[in-house]
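Copied from TrEMBL, the annotated features are:
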- 1-20: signal peptide (SIGNAL)
- C30-C47: disulfide bond (DISULFID)
- 61-212: domain 'Cupin type-1' (DOMAIN)
- N106, H111, E116: oxalate binding site (BINDING)
- H109, H111, E116, H158: Mn(2+) binding site (BINDING)
Amino acid sequence: MKFLTISLLILALATATALAYDPSPLQDICVATNDLESGVFVNGKFCKDPKQATADDFVFMGLRNPGNTSNPLGSKVTQAFVQQFPGLNTLGISMARIDFAPGGLNPPHTHPRGTELLVVVEGTLLVGFVTSDQLNNTLFTKVLYKGDVFVFPIGLIHFQLNIGNTYALAFSGLSSQNPGLITIANAVFGAKAPISADVLTKAFQLDKKVVDHLEAQFWYDNN
């Protein structure tokens with residue numbers, strides 16, 4: 001009986017620990033409100049009546065065609081996130097198609113709410129991610145060929161560059177219906193409103209003229 005009691009206590013503690021966590025956020029901010037009339041955002045999206053669902057809710061055809069890579073980055077990301085594909089709501093998964101012109105770059109960026117698993121369908125890509133300062137901002141990089149798969153851990157800065165002389169294509173699966181996207185250059189030098197030049201000159205150890213020049217650029221979004 002004593003052994004059974006201890007076992008039940010351990011089980012109860014383990015269960016409590018397992019359940020004592022917040023759900024992962026599915027948007028950048030979610031300020032709590034007691035005003036039910038103005039409370040329009042939730043952690044995810046409102047669901048339609050399941051009885052009204054059809055097969056069309058669970059199919060997305062937006063990844064069929066190549067994306068337009070005629071832009072300064074030479075790449076185009078076509079998302080199949082919950083915003084584009086409502087059937088993903090609450091399922092914790094999404095996809096993207098990434099097209100690359102020769103030399104095209106999907107620039108350093110991060111997904112704050114999702115791990116990314118990338119598979120190369122055509123071409124040759126140089127990919128990599130950088131760890132946090134816990135591991136001294138270590139770069140892990142690899143050249144990928146057709147059929148190769150690479151994983152980018154959640155929240156870490158990563159990139160893909162087409163180093164071949166031909167078009168390249170990759171598909172990514174992400175571990176969130178809304179993994180989020182922060183493109184580093186856009187966020188730092190294209191923030192609205194602009195980050196103070198005093199902050200950026202000291203943070204990047206740059207002359208103010210260089211910072212002013214960078215902030216004046218048009219930071220293209222390939223999504």
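Any Cβ shown, glycine's included, is placed from N, Cα and C.
Quick caveat, the model's predicted, so the values are computed rather than measured.
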Sparsest-packed of the listed binding-site residues (H109, H111) - C-beta count within 10 angstroms: H109
Neighbours of N106, H111, E116 excl. site residues, C-beta within 8 Å of centre, oxalate: A96, H109, T110, L118, F152, H158, Q160, S172, L174, P179, L181
Inter-residue Cα distance where the pair is C47 (disulfide bond) and H158 (Mn(2+) binding site), in Å: 33
Proximal but sequence-remote residues of the same chain as N106 (oxalate binding site) (Cβ under 8 Å, at least 6 apart): L73, S75, V77, I98, F100, F159, Q160, L161, N222
Stretch-averaged pLDDT - the domain 'Cupin type-1' (61-212): 96
Length of the line joining the Cα atoms of H111 (oxalate binding site) and C47 (disulfide bond), in Å: 24
Among C47, E116, H158, the one of these recorded positions whose Cβ has the fewest neighbouring Cβ atoms within 10 Å: C47
Residue pair E116 (oxalate binding site), H109 (Mn(2+) binding site) - Cα distance, angstrom, rounded: 12
